[in-house]
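**Student:** Sharing the feature lines straight out of TrEMBL:
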BINDING   C82, C87, H164, H169  Zn(2+) binding site
Amino acid sequence: MSHALKQVFNKDKTFRPKRKFEPGTQRFELHKKAQASLNAGLDLKVAVQLPPGEEQNDWVAVHVVDFFNRINLIYGTISDYCTEQSCPVMSGGPKYEYRWQDEHKYRKPTALSAPQYMNLLMDWIEVQINNEDIFPTNVGTPFPRNFLPVVKKILSRLFRVFVHVYIHHFDRITQMGSEAHVNTCYKHFYYFVKEFNLIDTKELEPLVGVRGSGVCG
């Protein structure tokens with residue numbers, strides 16, 4: 001990790017507090033196993049595969065929380081440059097605009113600025129991953145039937161953060177010397193969602209062939 005990247009990423013710049021796994025739990029052990037694979041320099045396509053004997057939903061849950069933390073951190077590093085003035089629309093270039101919809105204030109898809117969208121997105125994901133009815137933490141508690149649909153929605157929305165960062169803020173990422181880190185995070189995310197079919201291929205199109213993203217779709 002470059003000195004510039006350490007300076008940025010060691011600051012308390014995360015967009016939200018990190019969600020941590022409780023030591024001694026099965027999720028904590030799975031998290032350590034996933035991190036060990038990454039740290040060992042394994043091919044990312046191999047690192048995302050379900051370890052023998054593990055439950056897929058547990059593996060997916062651990063990665064969703066980890067991706068939330070990592071993408072949170074990436075957006076935190078450029079959030080000072082993503083303002084109402086610079087990014088009045090949550091988009092990924094002229095072809096892709098993302099509108100926000102939820103069950104509360106925005107019942108219809110609504111055009112928002114990128115920082116507004118990001119705030120609502122991170123708040124919404126935090127609620128989901130802290131909800132024991134969706135992401136149970138006790139060993140033996142079954143995952144609900146709507147677990148994967150919720151996961152797919154979380155990941156497809158997190159992907160939009162990558163799109164916005166790559167299309168609108170990659171120059172800033174490059175200036176900080178953190179493009180290699182961001183590219184690795186994106187490749188990890190991409191191979192994971194492809195491995196478990198968690199995001200429709202069409203939704204991934206905005207970053208196909210985009211500079212630095214490092215995957216071809």
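Placed from the backbone N, Cα and C atoms, the Cβ positions cover glycine too.
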**Student:** Report the same-chain neighbours of C87 (Zn(2+) binding site): residues 6+ apart in sequence with Cβ closer than 8 Å to its Cβ, ordered by sequence.
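**Tutor:** Counting only residues 6 or more apart in sequence, the Cβ neighbours of C87 (Zn(2+) binding site) under 8 Å are S113, A114, P115, H164, H168.
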**Student:** Please identify which of H164, H169 has the densest Cβ environment, defined as other Cβ atoms within 10 Å, among these binding-site residues.
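**Tutor:** Comparing the binding-site residues H164, H169, the most crowded Cβ belongs to H164.
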**Student:** Across all chains shown, how many C-beta atoms besides its own are within 10 angstroms of the C-beta of C82 (Zn(2+) binding site)?
**Tutor:** 21
